[in-house]
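Quick notes on the structure that follows.
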Amino acid sequence: MLLFFTLGLLIHFVFFASIFDIYFTSPLVHGMTPQFTPLPPPARRLVLFVADGLRADTLYELDENGTSRAPFIRNIIMHEGSWGVSHTRVPTESRPGHVALIAGFYEDVSAVAKGWKENPVEFDSLFNESKYTWSWGSPDILPMFAKGASGDHVYTYSYDAKREDFGAQDATKLDTWVFDNVKDFFHHARNNQSLFSKISEEKIVFFLHLLGIDTNGHAHRPSSRDYKDNIKKVDDGVKEIVSMFNHFYGNDGKTTFIFTSDHGMTDWGSHGAGHPSETLTPLVTWGAGINYPQRVSAQQFDDSFLKEWRLENWKRLDVNQGILPVDYLNNTDLFKAESMFTNAVQILEQFKVKMTQKKEVTLPFLFTPFKLLSDSKQFNILRKARSYIKHRKFDEVVSLCKELIHLALKGLSYYHTYDRFFLGINVVIGFVGWISYASLLIIKSHSNLIKGVSKEVKKPSHLLPCSFVAIGILVAFFLLIQACPWTYYVYGLLPVPIWYAVLREFQVIQDLVTSLLTYPLSHFVGYLLVFTLGIEVLVLSFFYRHMLTAGLTAFAVWPFLTRLWTRAKVTSLSWAFFSVLLAVFPLMPVVGRKPDISLVMGAGLLVLLLSLCVVTSLMKRKDSFRKEELLVHLLQVLSTVLSMYVVYSTQSSLLRKQGLPLMNQIISWATLASSLVVPLLSSLAVFQRLFSILLSLMSTYLLLSTGYEAVFPLVLSCLMFVWINIEQETLQQSGVCCKQKLTSIQFSYNTDITQFRQLYLDDIRRAFFLVFFLVTAFFGTGNIASINSFDLASVYCFLTVFSPFMMGALMMWKILIPFVLVMCAFEAVQLTTQLSSKSLFLIVLVISDIMALHFFFLVKDYGSWLDIGTSISHYVIVMSMTIFLVFLNGLAQLLTTKKLRLCGKPKSHFM
């Protein structure tokens, strides 16, 4: 069985990784011939301002007094330059956003997980092509472009990373630092001949990365005065820098200025997904080679922003990366035509290289070229474009080049996804095979379904293994002659041993069919429909959180539809009450939208009240409650009180902009570290151990909470306690075993393996309950399938200085705490119902894999970026949940069965 779980874990890792190989590989193409416009550029230098985290609407809209927050930028829009909305793409994070701006391509989605400081793939950039580039700003952004540059011509100036503190100081100082250092740089250049000669060259870039707005948005929300005031300070800083440049270069008219943002931000101060507030960013540009404002009487857009911003009379020019926005250029028609032609040839060159690469590694009779852009059509379009340029038909050139770019981009996408169908089919075959094998293993080893079926033991045939060996060799040879990457071998060969294992159990399949034929058809169809409905509810809950409410409401009614109500009225009523109470949470707004520390304090008081009641109750049982255990509970109560103090104290300190107090930080980390140790000191009695685990984990959860979600684990745990009791009642009702008091059952009870019973049909319901509770634990307080659901304010009791991986780890632990509570309760359910954890875990695995297969088919790379990002997240979450179940099962066993003593030898038992 250990071998089975190890292989299962490896197989799920392969299925997990497959989504990125099939849908999201790097789009970069290498080996093209460089293409240049034959005409001289209008500018000698570029000044690029990137206001990190700036939303388009917050910059362009007027404030409550009818005045602009950025008067200098608005004056540019009306009198000097061109403007529009830049449409960014998922993931709306700083690294891929800057890569799109400076390198000119959309980085693959997986790159966001590879860090801000490293380059996951080699790429060229504007900085690399410049003569010199000077950049100022965040140490998280600047180094990645300096590292990727060839030669030593990209210079970076960054402040200390500790300045990126969400609570200790006014974040506008980050932007002030940039502006001041740029001024000092040019002042120094006047007295340094070597530097002066460098900045007087052509093809030079000045990059100013302004992080203050993003930091204030995370700390105080985009609707805050801090965020909006930061925009005003940036506007003032940009005005001073522009004036300085014009003065330094003697108003030579050879400087181009661009002001934009890498991504926006949600109303609740996060980003990463595809909400319009995250993907719509401002773009304002002026100076050399840029068009002056264009007055218009009417404009057609799918939004109503122009009227809201009172800019309906100034032409808005929206852009996407990849295609030259010629409407922004102020130059001769010849220059625009030549520039557009060069842009088209550059993209066509990428198409040719991509087609050649795919053709070289595909068998001739299997290769299907992109028919919309054949060699003859390429030649005709290029010849016609050159002819139009020669005859000065420049509008026709631009139109023709746009058509060529459109076709070339479609062709690039075609060849980029050429192997998608082949890989997808292999993964699906592997998935179905694995689900089939796990189901057969359950039926064969853990159920009585085929026990009564008479069968003859047949001598194994050598035909089956030989056939699968031959299939494996053919698949490997097919991949070898096409020079496929090693991952293709994994996806192509993995289904072979899986289906061999399935067909080896052919006798079990026969016996299963025979057994099912004796079963009433109406019963079989009814159970199948209920199971299918349950799976679909789980799948739909990923899209619509209120489906969890519907499911929990159905759970509340369940005891009253059975004989449980007549046997255990109090337990049934408790089950219904806590099911309905838990059902309220999916109907509430997603966590982080409106923080409310008073709710966190309220949750802490409820924990203290519950602790008082439980400890008082346990103390009355003098035979089962020792002073050592009382000390442990008092320690946990003290930890809860300290957590409440730290949350309140930290919130007050941050509001005064005094940062995170050191003592609060020490208490928070100490609470986190002790939360997995202190429960091991408590009694091994089921009720006392589970309650001890709840108290310890609640102390940490309070520190990570910002609002109503602090109550969620408490309500969930109450339902889990009732679940343990009600499962005992159902088993007693069916006559399988007698009911025992939870206070008399010990997690350390040395259960004889012979006492484990076989699976019954009702055990599928128990496994379904577990999966449903796990999904509820995941989505109960927010749709975390979207990256923007994470609220950085959750970790401010632990740290406020920007550290993406540490903050991510803390938020992940917050997500896992309800998981751990559910898994610990499930350990008790298995113990009290005398059920092998392996058998029930197999059913859970099958249910999870069926859900994963659903989401594999639902993954998309088209449509809105919100839909694309969500579809990826759903598949990743389900696959992660399946993999994490193994880890959580081990952690739950550790927390429930391990016993530490304050003195003497430790004693432990693992089931």
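Any Cβ shown, glycine's included, is placed from N, Cα and C.
The annotation domain 'GPI ethanolamine phosphate transferase 1 C-terminal' is assigned in TrEMBL to 410-864. The transmembrane segment annotation in TrEMBL covers 463-480, 486-503, 524-544, 550-566, 573-591, 597-618, 660-681, 710-726, 767-785, 805-828, 840-860, 872-892 (among others).
Same-chain neighbours of the transmembrane segment (524-544): 516, 550-551, 586, 761, 764, 768, 771-772, 775, 779, 785, 847, 850-851, 854-855, 870, 874, 877-878, counting only residues six or more beyond its ends whose CB sits under 8 Å from a CB of the stretch. Within its own chain, the transmembrane segment (840-860) has Cβ neighbours under 8 Å at 8, 15, 19, 23, 424, 427-428, 431-432, 434-435, 438-439, 441-442, 446, 535, 538-539, 542, 759, 763-764, 766-768, 770-771, 830, 867-868, 871-872, 874-875, 878-879, 881-882, 885, 889, counting only residues six or more beyond its boundaries. Ranking 550-566, 660-681, 767-785, 805-828, 872-892 by CB pairs under 8 A with the transmembrane segment (710-726) puts 805-828 at the top. Counting Cβ pairs under 8 Å that are 6 or more residues apart, the transmembrane segment (872-892) and the transmembrane segment (486-503) reach fewer than 3 and are not in contact. Beyond the transmembrane segment (767-785), the same-chain residues lying 6 or more positions past its ends with a Cβ under 8 Å from any Cβ of the stretch are 531, 534, 537-538, 541-542, 545, 548, 551-552, 555, 582, 585-586, 588, 590-592, 708-709, 712, 716, 719-720, 723, 815, 818-819, 821-822, 826, 840, 843-844, 847-848, 851, 870, 873-874, 877, 881, 885. Confidence for the domain 'GPI ethanolamine phosphate transferase 1 C-terminal' (410-864), expressed as mean pLDDT, is 85.
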